[in-house]
Amino acid sequence: MRLDEFFVTGDPLIYGADVSIALTLIGAIFALTYFKKWKWLWSEWLTTVDHKKLGIMYIIAAVLMLFRGGVDAMLMRAQLTVPDAGFLDAKHYNEIFTTHGTIMIIFMAMPFLIGLINVVVPLQIGARDVAYPFLNAVSFWTFFMGAMLFNISFVIGGSPSAGWTSYVPLAGLELSPGVGQNYYLLGLQIAGIGTLLTGINFLVTILKMRVPSMKLMQMPIFTWSSLITMVIIIFAFPVLTVALALMTFDRLFGSHFFTMMDGGMPMLWANLFWIWGHPEVYIVILPAFGMFSEIISTFARKTIFGYKAMVYSMVIIAGLSFLVWVHHFFTMGAGGAVNSFFSITTMLIAVPTGVKIFNWLFTLYKGRIRFTTAMLWALAFIPNFVIGGVTGVMLAMAAADYQYHNTYFLVAHFHYVLISGTVYACFAGLYFWYPKMFNHRLNERLGKWSFWIFVAGFNLCFFPMYFLGLAGMPRRVYTYGVADGWMSMNVLATFGGLLMGIGFLILVYNIYYSFRYSPRETTGDPWDARTLEWSTPAPVPHYNFAHLPEAKGHDAFWIMKEEIKQGKKPEKKPYKPIHMPSYSGVPVVMSVFFFIAGFGMVFSWNWMSILGLIGVLATMVIRSFDYDKGFYVSVEEIEEHEKTT
Amino acid sequence: MEAVEHSPNTPLEYQTETGRLNILGFWIFLGAEIALFSTLFATYLVLVGRTADGPGPAELFEISGVLIETFLLLTSSFTCGLAIHYMRNHSLKGVFVWIGITLALGLGFLGFEIYEFVHYIHEGAALTTSAYWSAFFVLVGTHGAHVTLGIGWIILILIQLKQRGLTPDTSRKVFISSLYWHFLDVVWIFIFTAVYLYGMVM
């Protein structure tokens, strides 16, 4: 392979990216060396198994990916603003919408939510860590290395360009001969390992690590939503693993699962992809529902309305999520009976979702509402999500879908549910739990600016797309003609996109500004909130709880506070040594080997993939022979901690 | 992690918190494995009959080899169960003997399977021949890869048993690997039925 095939050449945008990547790397290495932070980076972060630190790393990675995916989005909007624009050519445009979709779902939405789950859920259930802290680190690092592998494609070897759904034959060897599609397959495969492990880890954590007094039906709603999400992950992700593996076999080893000849079946890919893909959208929406429930309940100062209905509706949504996948390709022509079945199951999902919407509204009803930034995101979510949901029911009608399919109507629909559902929740959750993570709040004034600009921009960007879709504009086209008459609404959409970008930049500035100027927290409960994570002091000690808290109902911390108000004195119990797991460098090293193996497979360099896989196996053997039992936090150290906080 | 309250009859592997958590987690992992193999079975069954210009399964499958494989693997599941029985009786020697036999049977299974694969390839049915054979090799091969990995894993555990004897940690590892081994046996029963028996009568 020649060097100019290895590096992507010929596009000034790519050269700009090359330079900025090189500068960032050099800058990071320089800063770490200059401030003598290498040891700190290794011993505090790279080897950590602390769920709070892993959660923070997930969120940092997700914000970076949000930036990358957002830049992709801005490039697309720039190209589509006016007819016959020449900013991007067709191939480049295809690559950008592919990476935009993949990154936003797999490397932004999921890790952002999993990051918040990591930080919050063990604290909410009164646990000192997750069930498998080592595995948790493996999860993070495989996600991170998978994401990096996918992301370097645009400067080394070329990006995938067959859409985030990678339908065959377009994604097959004949029509996508480059290495881009291999990056998609291997990057997702490696990150998928981490997601599956997270699923098992948090399912066991929530089932087995709760404080003994917390019954299942007393768990905070966010913990419930996480539990249900983990079950979906456990049964959905193996399907993706297989689907990706089969396409990898097709592309690298000449098998015929999805090929056009020798008996291959292209539609099999679409089925397998969406059997994972539809549950996947519930994986990214259910935790969001959970967060909104916590935030609305806290800032309406009321317990959540219809707790049981909330739980059962999520269980029903999870069950139905496996029964609707064909609605992604009604136009495939599976026949009236099949389409009708999937049409009805899809519409059924609106029922439990509607129950949840009403529960949130009734929680607000007669509440003493505080309009914090987190609450504003939650309040904006309700109407925006309803717009997305109602258009979803329109799309669910198989006959009508023949009209909407593959148009901007669909693009508008899924952005309305994914942005106003997942992204708003990520922002709301970030503002809400930020003091738990960093011991200071994000600035509310900047937060509100960012909120209003982003939400206005979002609606301006995506609402016109419904009408563009009805006017016939197909998705995934890189340009259109003047005569199509789509320009005015595209200009509006681009303007809205710009506002969203500004809103995001204000958020990023807010992180810096609050780091510098926000007052540090003195209590662990800045919002007068209701669940156990707020009973921990600020900053949260690495062992989370000096004494395990007691849960006397959901809103356990609220009950505790009420009891203290009524004069109950918290009894002074002596501290006991606390057992904690040791940090380990094995997960990050193992994941680097995964990266090496993946990179080798992308380019079909067998020596490199074998080397990487040997490394993976070797690190597993090292782990198997590791009988480290962790360590005990001494009573003196606990007393020291509890005094200062 | 610390030992938890338990009765004198609690097996070693259940005596620690780590033991209990890891065993439950592994059961859930097996749930994910079921989802994985279900997808492979579904793929296989969808692609049955799509042999293009290549040979069909009925022309190539030979029942004798497959029966030997089945016999070896099913017996190994039984001997693996005996190993756990001896572990519960705190007999390290019994564990070594019966796990040793289990591994030998597993290796025998693998040997016959590799021979079978080579035979098919010589007869003109390879991964690249047709969609049907792609699905066959990937489904049966994934099971075979699991067996291979399991043998390597259990050898590592035997070394640790040799070093440390039967402790809550080592017996937890033996127990979990036995769950894995029985699971592979269950998968094989489905392969035997859905792939070989169905393939012979097709």
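Backbone N, Cα and C define each Cβ position, glycine as well.
TrEMBL lists A:12-35, A:96-121, A:133-156, A:227-249, A:269-289, A:309-330, A:342-362, A:374-400, A:412-434, A:446-467, A:487-512, A:605-622 (among others) with the feature transmembrane segment.
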Review point. Under a Cβ pair cut-off of under 8 Å, which of the recorded stretches A:269-289, A:342-362, A:374-400, A:412-434, A:605-622 contacts the transmembrane segment (A:96-121) most often?
Key: A:412-434
Exercise for review: Residue list, the transmembrane segment (A:342-362) vs rest of chain: Cβ under 8 Å, 6 or more residues beyond ends.
Suggested key: 289, 292-293, 296, 304-306, 309-310, 312-314, 316-317, 320-321, 323-327, 330, 378, 382, 385-386, 389, 392-393, 396-398
Review point. Are the transmembrane segment (A:269-289) and the transmembrane segment (A:412-434) near each other by the rule of at least 3 C-beta pairs under 8 angstroms (pairs 6 or more apart)?
Key: yes
Exercise for review: Considering only the recorded stretches A:12-35, A:374-400, A:487-512, state which has the highest number of Cβ pairs under 8 Å to the transmembrane segment (A:446-467).
Suggested key: A:487-512
